Structure formats: structure tokens, C-alpha cells
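Over in TrEMBL, the protein carries these features:
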BINDING   317-324, 363-367, 417-420  GTP binding site
COMPBIAS  139-148  compositional bias 'Polar residues'
DOMAIN    308-477  domain 'Tr-type G'
REGION    71-159  region 'Disordered'
REGION    187-211  region 'Disordered'
REGION    311-459  region 'G-domain'
Amino acid sequence: MMIKYRVHDVAKDLDVPNKEVLDILGKYVKEPKKHMTALEENELDIVFDRFTQDHAAQNFDAYFATRNAAKAEEKPAGKTAEKPSEKTAKNTQEPKKQNVNNNNNRNKNNDRRNNNGNNRNQNAQQNKPQRPAQNNQPSNNTPAQESASEAPRRRVVDTRTVNVNIDKYNEKYDRLAYDKVKNDTVAAKQKINQKSQRRGKPRSAKRETEAERLNRIAAERKAKAITITVPDEITVGEFALRLKATSAEVIKKLMANGVFATINDTIDFDTAVLIADEFHAKVEKEVVVTIEDRIIDDSEDDDANLVPRAPVVVVMGHVDHGKTSILDAIRHANVTAGEAGGITQHIGAYRVNIDGKDITFLDTPGHAAFTTMRARGAMVTDIAVLVVAADDGIMPQTVEAINHAKAAGVSIIVAINKMDKPAANPDLVKQQLTEYELVPEEWGGDVPCIPVSAHTKMGIDDLLEMILLVAEMKELKANPDRAAKGTVIEARLDKGRGPVATVLVQNGTLHTGDIVVAGTTVGRIRAMMNERGERVKSAGPSVPVEVTGLNEVPVGGDTFNAVSDERLARELVEQRLTEQKEEMFNSQTKVTLDNLFEQMKEGEMKELKVIVKADVQGSVEAVRQSLEKLSNDEVRVHVIHGAVGAISESDVMLANASNAIIVGFNVRPDPVAEENAKRDGVDMRLYRIIYDCIEEIESAMKGMLAPKYREVFLGKAECREVYKITNVGMVIGGHVTSGKIVRGAQVRLVRDGIIVADDKIASLRRFKDDVKEVQDGYDCGITLERFSDIKLGDILEAYEMEEYRD
Ligand SMILES: Nc1nc2c(ncn2[C@@H]2O[C@H](COP(=O)(O)OP(=O)(O)OP(=O)(O)O)[C@@H](O)[C@H]2O)c(=O)[nH]1
């Protein structure tokens, strides 16, 4: 389609007023034209020719001079476009240009017209450089032909002859691709190139070897002098890890220092410091922050916060010397008429008030409770009242009580009781006391001796006064303004109230609602009650209260603490329970006939528990009776379970839980039981004759057990066929299921867990050959020396007896 090229278009492209184009046309064309008139081809030629002639440049130099000046002002984008144009201009020699013009002007005019819409502006710009070429080259063609050919020709040449420096771009691409490959994983080709470059080179050239790494770390260590933290004890492996060294390095250094330890062995802090020094590392003691540290306030009290507290008193003495009577007398002496009947509670401790001063008595007479508490690390009492009956004097339990009180470092006050009795001889008691380094005050010593009578209440007040006096001397103090800490005096499970505990607050103040951890129990104090059965909201130092709200019954002597965080408190209790279980598990040594005597000697074994399994009920009973008759003064033999049948998994479980040994008569353990017994260390003794069993256990109890032989298991075979061969007898077609079957070995024939025979292997064959042994997984033919009643499915257990010394 022909695009209309109007006058004003031409004028615009030539960058001249419409009038100039119209004037040219007016000169050469008859018909008058207007600016909207579309021009014919010949008309256009005329315009371009005329226009070219009118605007011709003088020469190329002049053209380029003006061109370069203009270029400086142009945008950079213009530059690239300009370069090729210049080249083209230079290359274009005058005769050549003429030809081009001559040959192509018509076609190019057509091109130009076709591209008219898009290229008008471009044409206008390109027109200017065309002028000098045309000017310098006076053409034989018509002006119209020459000028019309220039613009389209330049445009075409521009794109075709641009000499792109491909190498430069390749170079740039290479650089870009390399960078990208370094950071990313693109440019596959580049990657391949890199890989191929790497091929043939040793890997170590790029990667650090292990030795290099270690050297580097060692150098770093030396340079930096790292500091590590180490607890009291640390395993070699963990220590090496913290040192950033290998275990082998640490073990080597340890050996050099005379310590032979493996990776799992522990070394103490001092050794760790020594070794760390060789690694140029400093060691700091690791402070382990436990849950206790976080929730229990264990800080020392400031003297300024301390206030006097009531003494805590325990009453001790020989049986029937009047401990309970004295405690009752004190309790009643302190009850005013109005309160009579108010004392209905027994909470394990009570307080009396003497002239405005309190005394707390532990209502658990006897040194047993006192000792139990001490054994649990609870230091509860300040003063011990030693009750000695004036008519009886010092007796064995009095001595024990003295020793316990002394060991605990508590002050002793002697109450010489039963003074109302005619046979009372207080001087004798005092005399006896001196024998135990308790010198009465009146004899120049420091032990107050108060004659009392629980019956007549004589001297009770003096006793209480003396307690207060001693307490005063001791300057007992506590800080009521902190979280409570104390000891569980006693505890029980109440049907309606759940766990109930009497606790003695020793420091701080306990409030209802407090979260408390007591040993392995935890809870929020629901209610508190004093010894009068009155509800109280708080209990300060030396105050005994009965509390409810704990999740379990604590143990007397457990320390309790009011804590700050319930969740952590529960976690702490869980932790304590786990530790307790582990401790129990570790401390419990399984009883075996071999260690029975040791355990008896150490007093750990008071009762030998036995589980009896036999093939018939008669044997079970016979064994039970025979064994129980073995009981002596030191140990009682107790058959905790007896039954017929093979030793089962549950027998082993029972033995494990109750620390018993298992005795089997003509029975065998099933495979699971055998495995479990081995794992749990349960002693399983298997006999065929009751007498052997009795003898062995008896000698074990006497420490005489020294078995010289033991059974060594060889292997098991299952009877899969039975053949009867004349002159040979019964032949077992067996399959070895574990270990090996050996010719001449002892063999036990087991049917449904019961031993049906104990015999010897007479012959062993593989196919037709006699063999010495047959391994696991193979079939074989077996004959026994004596037993012939063989059945399919019977198990043959081959074993041999081995002599051994302890
Ligand atoms: N005559 C007289 N008898 C007393 C006196 N004190 C206690 N008794 C008697 O001594 C006996 C034992 O008294 P308890 O108070 O039970 O003695 P205990 O030391 O608590 O005894 P156990 O709890 O068994 O250790 C009782 O029969 C009392 O009546 C006293 O001062 N005078």
C-alpha cells in the first residue's frame, strides 16, 4: 500500500516551512499544491533534488568540522550511532556514491516512503549529514534523484556495517559469568570450564587437610589463649570438646602426666587445669545453676534482720523413764483454765508459753525419731531434755540418747524424773552422768540437772525456766521476713484432707498459699493449723504447724522450702524423684548365692528370698520346706513364690523386683526369661536333685560355697526327625539352631520347658560321615548314649562342665 506523503510531511522531514516546499513545487509543477496535498513520486523527486541543491555543503572537511562540534553536545547514545555513520561517510567515495545514487535512488525512495510514519524524525536528522556528500559530488543525476537516495541508504548501511567488537563483549561476559559462578550456580558452561580446569589437580590443593586444620586450631589456641569452664568433674571427651582438641590429643597429654583415662573416664578439676595449661587454655570453674538455686532463697541473713526465736526442744531417755509423762505434764501445766479441752490435736510438736516466751517441744519422744531426722540431715533441735528416772538411774538407752545428743551438738538438760518415788536417788543419777562426761552444774559442770516429777508436776516449772535460760545463752535467732524453710516433723495421709504434714518452720515465715517443696513432694499450702487445732494464716520461726496441700506424703526429716515458682518446683520434684530412683537402683545389689555370705556379713541380707520352680508340685513343696528350714539367726529363707513349669519371664521379673534368687528343679528357663535374667543379674540356679540345692544354699549361707565346675553352653539343636535303625537305636534328625553340637558333649533333652533327660552325645554325623561338631544352621544325625524316648520338637542343649576358681 502506498503511504501518502503530504507536503507538510515533506516539509517537516526536511525541517523547513511548508511554504518552502510549496514554493519549489510551484516552480516546477503546474498544479498549485496545498500543505495537505499528497505528492506524486515525481513531485517528491523534484522537491528533494531542488532542496538538496539549495542546501549543499562546500566540502567534507567543512561538514565534519560542524558535525564534530555538534556531536559534543549530543547525548552519549548518539555517539554509538554516529561512529558507523562516519565510517560509512568516509568509505563512501564520490564515484561509488554516484553509482549508488544512480542505481538505488528509486528503490530507496520507496523504502523511505514505506517507513515514513516511524522514521520522519530520523530522516530529518539524517538529512543534514547527507548534504556535504551530495555537495562535494556534483551529480549527473537530477537533484531529485540524488537527494532522495541519501536518507534511506544511510539508515540501512548503519545497521549492516556496524563493526561490533565481539571480543570485548565476550570478555565482559566471561567476567560476569565467573563472578556469578563464584557466588551462585549459574552459567553452566562456565562451571564446566572451571571443573575442567580443576581436573587433574590434587583435591588438597584447595581443601584444608585434617592435619592442617588441627595445626591451625592449635595455633589459634596458642595465639588466643582460650578460656574454658570446667565443672568439678568432666569426662575426657567433653573436656576435649571444650578445649577444641581431639580426645586423642587430650588422652596423650593425660598419659604424659601419668593419668591413664579413656574418652568416657572422668577427670577432676585440678587435672583438667593441668592439661588445659598444655593446650594454652585457661580454666574457670563452672558454676552450675540448679533449679534449687533458682527457686530456693538460700542466702545468709543479715544480722540486722535477725530476731530471737523460740528454742526447739526434744525429750529423750530410756524406755519408761517418763518422757511422755513429762511432755504431757508440760503441756497441761501450760494450759490455762479457759483453754482446757482445747488441746485436742496431736500434731507432732507443740509450743508452750512461759512468761511471754515460747518453747517448742517436739512431741516425738525417743531418740529414734531424733536420729532419723539427723540421718536425713535435718538439724531441728536446740536443746535435748534427757529424762532419767531417779529410781532407775542411767540405762542403756540413756547412754544412747547421751551419745546422740552429743553427736548432734545440742545442749543437754537432765530431768531427773520420778522424784516422788521413795527410791528416788538423784545423786546416784548425777554420779552416773559424770561417767558420761556430763557434769552437773552444782558439781561444777555445765549440765543443768533438774529434779522433777511428772506425776506431781514438781520441778516442771524449773525445767521450763532452765530451758529458757539455756536458750537465752544460745542466742537463737531467725529472720521472719523471708521465704519459709524448715523440716517435716511427721506426715500422714488423712482420708478427708489428703497428705497432712507437721512442719517446723526454722527460718522465714510460712503463709497459706505458699508453694512448698518438701523432699519429693510439692504443693500449695491450702490450710495451716496449730497444735490447738486453730487455723492460722502464717507461721514464723520455731513455730510448728500442720499443713495440707502437698501432692504426696513427705517423709519425716525432709527439708521443706517455700519457693518462688510452681512450675520449676514441680520440675525440681521430678528431678529429685528420678535421682532417688537411680540411687535406689544403684544401691541395690542383687543377691546371688555367690554374694549371699558377703551380704549377710554386712548385715544387708536379713532375708533370702527364693522363687522355686519345679516339674511337679510335690517338688515345689519339698523344696520350699527344705529351704525354709535353713533359716538361722542371721538370715531367714523365705520362698516368696513356688509353682510348676518352666522358669518364665514373670518369674524373673518378680525375682528382680524383690531381690530374690530363682531355684529350678528339672525345669529350664524359657529363652526370654534366660535373656532377662542375664540382663537384670538375677541368679538362677538349676538343679536335678533337691539335696544338691539344699546343700548349695546352705554352704552359700555359711560362706562355704565354692563350686568347682560350671556349665558352659555349647549349642542347641531341634529334633526334626526320629529314625529307628536296627543295631544303632534311635537316631535324631536334628537341626542346630544356635551355637554348635559337639560329639561327646553333655546334652539335656528339653520338652516343653521340662528336662526329660540328661545324657551324652554318643555319635554325631553329617550325611554319612562321623563329625566332631556341627555348627549352627546345619542338619545332623545324633544318637544319645542312653535315652531313647525322643519326640519331634524336643530341644537338645549341648553343654560341657568347666572347672573354675573364684
Ligand atoms: N511415780 C511416778 N511415775 C511416773 C512418773 N513419770 C512417769 N511415770 C510412770 O512411768 C511409766 C512410764 O512413763 P512414760 O511417760 O510412758 O514413759 P516413757 O519414757 O514415755 O515410755 P516409753 O514411751 O515407753 O519410752 C508410766 O507408768 C508412768 O505413769 C513420775 O514422775 N512419777
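Glycine is treated like the rest: Cβ placed from N, Cα and C.
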Return one of helix, strand or coil for GLY317 (GTP binding site), based on DSSP.
strand
How do the residues of the region 'G-domain' (311-459) split into helix, strand and coil according to DSSP?
48 helix, 39 strand, 62 coil
Other than its own, how many Cβ atoms are within 10 Å of the Cβ belonging to THR364 (GTP binding site)?
20
Where the criterion is a Cβ under 6 Å from an atom of ligand 1, which of the binding-site residues LYS323, THR364, MET419 meet it?
LYS323
Within the domain 'Tr-type G' (308-477) only, compute the mean pLDDT.
84
Of GLY317, LYS323, which of the binding-site residues has the most Cβ neighbours inside 10 Å?
GLY317
